[in-house]
Amino acid sequence: MTEVKQYPGRDYDVIVVGAGHAGSEAALAAARMGNRTLLMTINLDMVAFMPCNPSVGGPAKGIVVREIDALGGEMGRNIDKTYVQMRMLNTGKGPAVRALRAQADKHAYHAEMKHTIEREPNLTLRQGIVDGLIVEDGVCKGVITNTGARYSAKSVVLTTGTAARGKIIIGELMYSSGPNNSQPAMKLSGDLERLGFNLERFKTGTPPRVDGNTIDYSVTEEQPGDPEPHHFSFETKDADYIDLKHQLSCWLTYTNETTHKIIRENLDRAPMFTGVIEGVGPRYCPSIEDKIVRFADKKRHQLFLEPEGRNTDEWYVQGLSTSMPEEVQQRILHSIKGLEDAEMMRPGYAIEYDVVAPYQLKATLETKLVKNLYTAGQTNGTSGYEEAAGQGLIAGINAGLRALDRGQFTLKRSDAYIGVMIDDLVTKGTNEPYRLLTSRAEYRLILRHDNADLRLTDKGRELGLIDDERYAAFEAKRQAIKNELDRLGKIRIKPNDEVNAFLRAHNSGELKDGVLAADFLKRPEVQYADLMKFIPAAPEPLERHVIEQVEIQIKYAGYIQKAEERVDRLKKMEAKKIPDRIDYDAIDGLATEAHQKLKKIQPTTIAQASRISGVNPADIAILSVYIQQGRIAKVQ
């Protein structure tokens, strides 16, 4: 075969490889910071595409979308423009686990994000496949495409998703492919291995799509959206919320014993169990055949029928991810209530792909092996659009900062769920597709859906990603919260017939002495609206998000204070830095596993070292003493 002749392409400040959810955020962030940015994608028709579930948000993930928005990212704005249904989850639980979820119009989501990218002044969007990196003396200086173009840059971000040596599997059928039958990237992985990177093989899957006209909705349970307005972005107005009658419902059905029997009888043809699939699959989103085997005692499993958009009849069968042969998939579908006559439009499939083992990354998402090279998204072993977008934003910010010769940006575990995710990846690594869960965050009471803007907008502003108008609106909100908290901390409520009648009606103890309005509001049965019956209203009408913050900050004050005290203790450990190029071989007394893990992961602080699996408190004590005594290897 004739070798493709290389030629010099344009020079850029930042190049982003891959335009999925990670790549889109990375490129927009870098460009908005003033960098001339190139965004390369295998297919222009798949920018920010949703090859799997047509939704954004959910537990932990919805909070990540709010964090992305607070930092100046795009996902929140984009889904607010393109959703077909919006629901707040876990409303019966505390604020720490509440999460917003939107059903997306997947085609509108792609089109809107592509349009946003095309309008960005510093950003060039181009179709092409990157086959290799330009690396000189351990520094990444650009990329080489399959057409021979050599584009140079000050920093490069890889967000290749599931395209890296992608392989689709449907029963006995296997072929090289990216997601949704797109072209795979077959050469870049080899180039990374040549540079010394350790790559792993992961697997994910997707369910069949069915024709919505052939679903019998009458025997399923409707799952409508919420009538009250919600949105992911600080910038979106309540007035823009789609009223309930114009939202699209999802529908709930279940597998049954017949479904399970069909699956069990065909396990000998299931790639998951025949050894065909080598990649490690996601623990928290298993295939239906995996669920039937692992949870053999369960009589049924939930399935949600979800619309893929307003202008398509394709419906997504959430919970039925599978790589079984096509004919078996059809039999499975027809065994399910409401899908007895469903026409399958696309079969489900599994896809294997390459992953950069994330212990090879810094908290900035720059690789330790190659300077100025960053990776984000499924490339780093995560699953989910939101996890990808969060990483993409951080990688794009840092690639942009590097191009501007400015210091790097990181988020701590106490700052954001994004910080929890990145710390988990770079400190612990992952042996399966990583999914964010509220249980992964030890400070989840202060990492809430409702306070993402209060936590992170200042940081977004410092990075140049929050404009003047938005920041002024944010400051007005923050000041309104402070003013009302101060006011409620000064006004007293005296016991009287009206107050005590209210308390008796709510089975609450009567007042014998006067109390501060803030203390009155701390009672579980008292809401802010109730409080306003007994005290004057605020001087200016308060927006509902201000009232929500006031109520949460007062009612959960004690718990929040305890969480903040734990954060302060963590900060002291984070302040204890581990010098670069420390020689762990020279430290006597470390346990063998701790020695191996510390040497492999190279933590930057004592706090990070303490979170590494296999490193125990005794090892941390030895390491701390070693550093305090100044017995460290010299930086070369």
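Glycine is treated like the rest: Cβ placed from N, Cα and C.
From a predicted model like this one, the values you see are computed outputs, not experimental measurements.
Reduced to three states, the DSSP call for Gly20 (FAD binding site) is coil. The C-beta environment of Gly20 (FAD binding site), restricted to residues of the same chain at least 6 apart in sequence and closer than 8 Å, consists of Met46, Val47, Ala48, Phe49, Thr159, Gly161, Gly377, Gln378, Tyr385, Ala388. For Gly18, Ala19, Gly20, His21, Ala22, Gly23, the entry in Swiss-Prot reads FAD binding site, with the evidence type sequence analysis.
The NAD(+) binding site annotation in Swiss-Prot covers 281-295. Under the DSSP three-state reduction, Ser287 (NAD(+) binding site) is assigned to coil, being neither helix nor strand. There are 27 other CB atoms within 10 A of the CB of Ser287 (NAD(+) binding site), with all protein chains counted.
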For the binding-site residues Ala19, Ala22, Cys285, Val293, the one whose C-beta sees the most other C-beta atoms within 10 angstroms: Ala22
Remaining residues near the recorded FAD site, that is with C-beta within 8 Å of the centroid of the site residues Gly18, Ala19, Gly20, His21, Ala22, Gly23: Val16, Ser24, Glu25, Ala26, Thr41, Ala48, Thr159, Gly161, Ala376, Gly377, Ala388, Gly392
Gly18 (FAD binding site) and Cys285 (NAD(+) binding site), distance between Cα atoms, whole Å: 24
Three-state secondary structure, which DSSP defines for Gly281 (NAD(+) binding site): coil
Integer Cα-Cα distance in angstrom, Ala19 (FAD binding site) to Gly281 (NAD(+) binding site): 23
Neighbouring C-beta atoms (10 Å sphere around the C-beta of Gly23 (FAD binding site)): 31
